[in-house]
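Everything below concerns the one structure shown next.
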Amino acid sequence: MCRLLTNRPFNRLLFSAYLRKSYEVILVKQDNKKAVIGWVITVLGAIFFSTKAIIVKKAFADTATTPLLLLSLRMLFSLPFYIGAALLVSRRADNKKLTRSQWFWILATGATGYYISSLFDFLGLQYISAGLERLILFLYPSFAVVLNQWLFRIKMRPLQKLALLLTYAGVFIAYLGELHIDTSNPDFFKGSLLVFTCAVTYSFYLVGSGRLVPKVGAVKFTAYAMLAATVGVLLHGLFSGAYHNVNLDRTFIGYSVLLALIATVIPSFMLSYGMKSIGANNAAIVSSIGPVSTILQAHWILGEPIFAAQVGGTLLVIVGVVLIGWQQAEKKTT
């Protein structure tokens with residue numbers, strides 16, 4: 001034993017084994033720390049995104065703005081950050097030029113998700129509560145599953161079908177409860193239909209981004225998609241005369257800046273980081289905290305009531321979305 005301990009080759013071997021094991025332990029700890037940070041950032045990103053409906057409702061209540069004007073300011077204040085992100089990505093050594101086909105689909109997908117879908121959402125928020133808006137909007141993951149089956153022949157598994165039933169049942173229960181409370185709103189169905197259309201169009205964006213992001217990168221895709229949407233919104237405003245005789249007071253500017261930074265730019269980069277750290281499917285599951293966050297904020301800030309049907313319906317929707325995300329993660333590991 002003493003000879004072994006005094007043997008230099010053996011000592012070197014023992015020391016190298018110790019260093020290797022220590023290095024592996026450090027790597028595991030670093031990976032665990034990175035995962036924890038990724039989960040925390042993803043949760044915060046989902047909560048920040050959920051403030052959108054609250055800020056929009058407050059802007060409608062406190063200013064004389066219109067949905068298109070508010071959306072235009074949101075895009076304008078967000079634009080410099082995405083231009084900066086696009087420039088940084090374009091200067092990287094590993095940057096690859098986009099093909100014409102990729103350019104077309106990025107611009108088309110961006111216009112669908114950030115322009116058309118957002119406009120329907122803002123229009124709908126004039127007529128329904130923030131809590132119901134978030135719940136209807138959260139149908140988009142289930143619509144994306146249906147679209148993938150329809151467009152790309154990706155068959156739904158039994159668990160996904162169960163998830164769809166739970167999601168739709170949850171929205172139906174919450175919808176009936178809201179309808180029972182909001183009896184004096186003549187535009188209730190109109191607002192619900194507008195937000196429903198928003199969810200459908202956003203599901204097209206989700207499916208498109210799922211195909212494009214692996215090829216071009218999340219930051220580049222988001223930056224160029226936002227640029228396309230901004231151009232679409234501004235052209236819409238110019239040709240519709242929405243910018244004539246506009247009174248841009250401090251309150252309206254303040255809400256627009258909050259909408260751009262807190263509910264758009266910051267959470268988009270946070271969720272992008274989260275997808276890299278914990279995976280896209282895990283990020284989608286974590287984001288299911290969104291409806292709960294919106295309902296609580298709407299109650300505390302806007303004074304919207306919380307009722308049993310809303311809570312029950314929300315829980316069903318969240319379970320459905322989590323099942324969809326879990327099923328997608330299981331597909332990747334099998």
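Cβ coordinates come from backbone N, Cα and C, glycine included.
TrEMBL entries are annotated by machine, without manual review.
Feature annotations, reproduced from TrEMBL:
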- 36-56: transmembrane segment (TRANSMEM)
- 38-175: domain 'EamA' (DOMAIN)
- 68-90: transmembrane segment (TRANSMEM)
- 102-123: transmembrane segment (TRANSMEM)
- 135-152: transmembrane segment (TRANSMEM)
- 159-176: transmembrane segment (TRANSMEM)
- 188-207: transmembrane segment (TRANSMEM)
- 190-325: domain 'EamA' (DOMAIN)
- 219-240: transmembrane segment (TRANSMEM)
- 252-271: transmembrane segment (TRANSMEM)
- 283-301: transmembrane segment (TRANSMEM)
- 307-326: transmembrane segment (TRANSMEM)
| Are there 3 or more C-beta pairs under 8 Å linking the transmembrane segment (252-271) with the transmembrane segment (68-90), counting only pairs at least 6 apart in sequence? | yes
| How does the domain 'EamA' (38-175) divide up by DSSP, counting helix, then strand, then coil residues? | 111 helix, 0 strand, 27 coil
| field | Tertiary contacts of the transmembrane segment (135-152) (same chain, 6+ residues out, Cβ under 8 Å) | value | 121, 160, 163-164, 167-168, 170-171, 174-175, 192, 195-196, 198-200, 202-204, 206-207, 210, 284, 288, 290-291, 310, 313-314, 317, 320-321, 324-325
| request: Find the member of 252-271, 283-301, 307-326 that has more C-beta pairs under 8 Å to the transmembrane segment (159-176) than any other listed stretch. | output: 307-326
| For the domain 'EamA' (190-325), what is the mean per-residue pLDDT, to the nearest integer? | 87
| Non-local residues, at least 6 beyond the ends, that sit with Cβ under 8 Å of the transmembrane segment (102-123) | 56, 67-68, 70-71, 74-75, 133, 137, 191, 194-195, 197-198, 201-202, 204-206, 208-209, 211-212, 215-216, 221, 224-230, 232-233, 236
| field | Cβ pairs under 8 Å between the transmembrane segment (252-271) and the transmembrane segment (36-56), at least three | value | yes
